[in-house]
Amino acid sequence: MKRVFGVFGDPVGHSLSPAMHNSAFSALGMDCIYHAFRVRPENLRKAILGAEAMGFGGLNLTVPLKEEALKLDFIRPDPLAERIGAVNTVVFSETGEIRGYNTDGLGARQALLEAAVEIRGSKVVVAGAGGAARAVAFQLAADGAEITVVNRTEERAVELAKDVAAASLPGKINGTGLSGLKELLRDADILINTTTLGMHPNTDTTIATAEELHSGLTVFDIVYNPLETRLLKEAKVAGAKTVSGVLMLVYQGAEAFKLWTGVEAPAELMKKTVLEALQA
């Protein structure tokens, strides 16, 4: 019988994780299948315990479940996930433990490195203060970036900045409201959108327009559906370098794949699969 893996979230119909992971399982000759499951926050406890009872191999968690997972007393988060305050990967261990990890930050870091973007010393604006933003902020602070988190609710941005600062990482960080975004972008080296603005089906929304961007900027949108979000289109008009959310999706997925199986994931194949699905 095939071993089942999956992604829990709401909404989750847009997810390309099933195509990506199923291509990897197939290429490696593994008798496994990966599905997307719509799960609301109030049902997360039952859903994860149900998956364990049915012998699932592992799970990914996406919006809005990453932070909710840490509230569950049966999940054993690793130190990084606990520090970030969000779990995106669940492993059902042979000892019976349900372990929580966060691979989002590593995925974002690898995406920037593949695009030949210098992180250390760069001035980075992170838009959003949710689970993905926390992962990105902790990772880039560890890599020595100077980060400003901007969020519609300023208190959440400030709280995130305080959490990262308390970890005594090499980078610097502060938080502010969205009203300061335009001014911050003038001096920024990297803009990372971790909000859902621009995600299908609301593809005409964006955190910033071409007039607010500049050619010395790298614009990284973690939204990957559509492949070219409105933010990335605006960035191209401004002459900025762009980094697709596909890369973060692939590299966080590759990290999760290895945690579940102990096997190196075929990342290039996974990227090819995602790009083909988005361009279909």
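Each residue, glycine too, has its Cβ placed from N, Cα and C.
The shikimate binding site annotation in Swiss-Prot covers Ser15, Leu16, Ser17, Thr62, Asn88, Asp104, Tyr224. When secondary structure is read from DSSP and collapsed to three states, Leu16 (shikimate binding site) falls in the coil class.
According to DSSP, Lys66 (active site, proton acceptor) sits in a coil region rather than a helix or strand. Annotation comment: Swiss-Prot describes Lys66 as active site, proton acceptor, evidence class sequence analysis.
Its Cβ placed at the centre, Ala132 (NADP(+) binding site) has 30 other Cβ atoms within 10 Å. Annotation source Swiss-Prot lists NADP(+) binding site at Gly128, Ala129, Gly130, Gly131, Ala132, Asn151, Arg152, Thr153, Glu154, Glu155, Arg156, Ile222, Gly245.
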Roughly how many Å separate the Cα of Thr62 (shikimate binding site) from that of Gly130 (NADP(+) binding site), to the nearest whole number?
11
Based on Cα coordinates, which of the following recorded positions are within 10 Å of Tyr224 (shikimate binding site): Lys66, Gly128, Gly130, Arg156, Gly245?
Gly245
Between any two of Gly128, Ala129, Gly130, Gly131, Ala132, Asn151, Arg152, Thr153, Glu154, Glu155, Arg156, Ile222, Gly245, the residues recorded as binding NADP(+), what is the biggest Cα to Cα distance in Å?
26
Given a 10 Å Cβ-Cβ cut-off, pick out the one of the recorded positions Lys66, Arg152, Arg156 that has the most other Cβ atoms nearby.
Lys66
Spatially speaking, which of the binding-site residues Gly128, Gly130, Arg152, Arg156 is closest to Asp104 (shikimate binding site)? Use C-alpha to C-alpha, please.
Gly130
